[in-house]
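Asks: Sending over a structure as structure tokens; questions will come in a sec.
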């Protein structure tokens, strides 16, 4: 009996338009996080497309042959995804080896986990954060997404076969897969901890696979081979209305759905995934108009190159911003340059890797390689291989010499200072709790004599008069901030003995509310309060308002940020200036302008403080607080 051939599925051109919107959302989220707060939601769109198309293809093969070829399925996926990934890893590693060796640290783990498609779990295990690029700088951060995809490719065909054998009706399979997807979404909601870094639930296959499986579920309910082009006008109108509504909701979410909102992880992301899948279904229907509306040469160009664009976005941003130290001075210009570079590199790789290898017969790999060596020693074609050989050798050298958890002398100095100052900060809180209310006359006299010598020393170190040093010693306030403030903790304790310092690395506004409340509960939240947050990420007006509400009527002094190599500098400083007008008890301390002409105050990152910078930072606090 002659076997049926699998019917060739039509290419849905409108999905290139959907891919374009998704990849633009992701890139602009990284480049302009203040304007595209929800651009990360482009990832669930990609997941939905993948789940729908892969399952639709498996379903068509099953209908034609009564089985699927797992070997052929895995071979197709590897042929499509692996060569561009390997080339990306080679070029990125080679660049790091030649031009940016500070990124060699932990490169072996990043590359190996990427090749094995377990990068998401590797990053989770390493404690890396998707939302704190400043402290987790890596051109491989975004590879977590490919790992989730690949892990689904590994298990889904097996589950598909099992479901097809267990259930005869597509509706039942749809229901089972849909419930499984909702279970994953529920697990995300349970595992998410409000106020904590959401990276675990953001990266985890178990907490993200619902976006893919929602697409897979819909492929059973909405198979492309069963959709008719000729449908009643009313049905067409309904489809178009649903599609347009989904498109509007999706684009709006890109602008407004901040990744730190609790709602995102407790219903928001699954809702956006459903909206994305509904949009995909409408675009896939030949009777609707959205496929035509989202089909144009520009969308086709970007959509076909979306994989390469996604791959090279992070390396371009990391490498470019490492060389250009004044990103914050002209964010729009540098954003445009980076977008152009990303597209150009994606185009080159599309032409030299994606297109040629998509037509290559891998069964002839050995004969092709053998043929190269049977040709004359030197030919023009072989000459073209030299750059490739250089690339591979350079990348291998970098991979071999890459250290694990290596720190430079400067990083070691900063880490030691931070550890020391953490103890100082904790000691300041302990002493505030145990503060003595009285001293004997003799002790007071001895202390007074010792204090006089100490004040003279402090006055000299900070360039103050003895009177100013004495005035500083009487100031009492709470200082709450991130690693920049933590770096100056000892200096603050020296100049302001009665200060309470609560500062730590990676701290942001959205995750600090519980910490502020704890200080208040322990009677350690003095009046005034000095805040030093904003280096690790910006904040919404709502997050800022919630934070200020916890501080009550206390006088608040908020330091703006000095981070010229980060585009976030202008965003945070502009927001602080804007919000200050709404609070009578809020004063912005202009750390940026005070420090911008003192390059010796900062380490190479232009953010963290050298010994000279700590003195300048602390002196500015005195100059501001003494005017209150």
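Each Cβ is built from the backbone N, Cα and C atoms, and glycine gets one as well.
Dumping what TrEMBL says about this protein:
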{"type": "DOMAIN", "residues": "13-346", "note": "domain 'Acyltransferase 3'"}
{"type": "TRANSMEM", "residues": "81-99", "note": "transmembrane segment"}
{"type": "TRANSMEM", "residues": "143-163", "note": "transmembrane segment"}
{"type": "TRANSMEM", "residues": "175-196", "note": "transmembrane segment"}
{"type": "TRANSMEM", "residues": "208-225", "note": "transmembrane segment"}
{"type": "TRANSMEM", "residues": "237-257", "note": "transmembrane segment"}
{"type": "TRANSMEM", "residues": "263-284", "note": "transmembrane segment"}
{"type": "TRANSMEM", "residues": "331-353", "note": "transmembrane segment"}
{"type": "TRANSMEM", "residues": "383-402", "note": "transmembrane segment"}
{"type": "REGION", "residues": "429-449", "note": "region 'Disordered'"}
{"type": "COMPBIAS", "residues": "429-438", "note": "compositional bias 'Basic and acidic residues'"}
{"type": "COMPBIAS", "residues": "439-449", "note": "compositional bias 'Low complexity'"}
Asks: Which stretch, 208-225, 237-257, 263-284, 331-353, 383-402, tops the Cβ pairs under 8 Å count with the transmembrane segment (81-99)?
Replies: 383-402
Asks: Give me the mean pLDDT over the domain 'Acyltransferase 3' (13-346), rounded to a whole number.
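Replies: Overall, the domain 'Acyltransferase 3' (13-346) comes to a mean pLDDT of 95.
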Asks: Taking a Cβ cut-off under 8 Å, which residues six or more beyond the ends of the transmembrane segment (237-257) line up next to it in the same chain?
Replies: 21, 25, 28-29, 35-39, 41-42, 45, 231, 263-264, 268, 272, 275-276, 278-279, 282-283, 285, 287-290
Asks: In the same chain, who gets a Cβ under 8 Å from the transmembrane segment (263-284) while lying at least 6 residues past its ends?
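Replies: Tertiary neighbours of the transmembrane segment (263-284) are 12, 14-15, 17-18, 41, 44-45, 47-49, 51-52, 181-182, 185, 188-189, 192, 198, 201, 210-211, 214-215, 218, 222, 224, 227, 239-240, 242-243, 246-247, 249-250, 253, 257, 290-291, 294.
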Asks: Short question: most Cβ pairs under 8 Å with the transmembrane segment (143-163), which of 175-196, 208-225, 331-353, 383-402?
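Replies: It is 208-225 that shares the most Cβ pairs under 8 Å with the transmembrane segment (143-163).
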Asks: How about long-range neighbours of the transmembrane segment (383-402): same chain, 6 or more residues beyond its ends, C-beta under 8 Å?
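Replies: The answer is 89-91, 93-94, 96-98, 104-108, 111.
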